[in-house]
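S.K.: Starting off with a structure, shown below.
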Amino acid sequence: KFEFNPKDGIDNPALSLAEDTDGEGVGEPRFYLLSKGSEETFGFCLQEELGCQGHIIRQVELGGLAQRRGLQDGDRLLQVNGHFVDHMDHRKVVQKIKASGNQVLLAVLDGDSYEAAKALGRDLSQMLPDDIRPRLCHITGDKNGFGFSVSGPEGVKGTFQLSVREDGPAEKAGVPPGSWLLELNGASVRSYSHAQLARKLKQSGSKVTLLVASSGVEEFYRLRGLRVMAALADTSWLPFKVRELHMVKGPAGYGFLLKEDDCRSGGTGQFLWDVDAGLPAEQAGMKEGDRLLAVNGESIEGLDHQQTVLRIRACDDQVTLLVIDPASDEFYHSVGFGDP
């Protein structure tokens, strides 16, 4: 048995989809948007149990945050932040929850429905919406602007739908036609008038970052009373990326130094410096000033410098590091995304 007792918490209400049977004893998945306080806990364990399938919600604390939001003992976890996880290695699912930071969107199915669906040979992924993530899109304008126009009900603040010019900058940056604008440069547009939005766009210069949701995604959250947040966004359209570096130690080592320093987002982080020419670190693509995010797929969040060094050394003669360069790090911080 492998247990995970999350040391994160829940802040926002999380409404669940009503469970209707389909005549075969299989209910519907329920969705919970959980936001933590730094000193709170989720109040449940995620377990893998011998003889049972799935990632099982256990030890739901009486009166705890998880119970107050509706998670139940025996629920099976199907999805984390829009990613189907039922087929994934248990430890990777645990890590995915930990890596989500302060907010996580979970989809669960009650235990009886899960067992019934498995017995019927149903594809559980087909019980879930195809795409429930908003998009974070970074647009570089051309001589004709950003390539989108904004419309909304007259006199109503914060409701903006985007028309996207074919083959224009917005479309190339991944903005879906007819999508709804949620955030501009990391700030919610909920209180903006049309004039205020136009002014903010003009002040953005030649580049702008939008959090947008297609009509289907917007409807998904609205029907469940859930708030769409940047932390849940699909970032695959962004030019800013994290990088995975796989290194095999040479006779002179890996060829870099790990130093602890202050992060722009507050607190401290582990940074990579003194990258030696021709050695494994440089050959793998390491750059001076990269910030380390994970070692062999496990986040280093919460580890101090010595613990991080020991985790790297524990890998004997090879290691895989997840890193982010300073420009990308600054971008994600500027839009309030935290670690990607």
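Using the three backbone atoms N, Cα and C, a Cβ is placed for every residue, glycine included.
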S.K.: What range among 1-23, 139-161 does TrEMBL record as region 'Disordered'?
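M.R.: Comparing 1-23, 139-161 with TrEMBL, region 'Disordered' matches 1-23.
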S.K.: List the helix, strand and coil residue totals of the domain 'PDZ' (31-112) as derived from DSSP.
M.R.: 17 helix, 27 strand, 38 coil
S.K.: Summarise the model's confidence over the domain 'PDZ' (244-327) as a mean pLDDT value.
M.R.: 91
S.K.: Provide the three-state DSSP residue tally for the domain 'PDZ' (244-327): helix first, then strand, then coil.
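M.R.: So the domain 'PDZ' (244-327) is made up of 16 helix, 33 strand, 35 coil.
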S.K.: Reported in the order helix, strand, coil, what are the DSSP residue counts of the domain 'PDZ' (136-216)?
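M.R.: Once the DSSP states are binned, the domain 'PDZ' (136-216) shows 16 helix, 29 strand, 36 coil.
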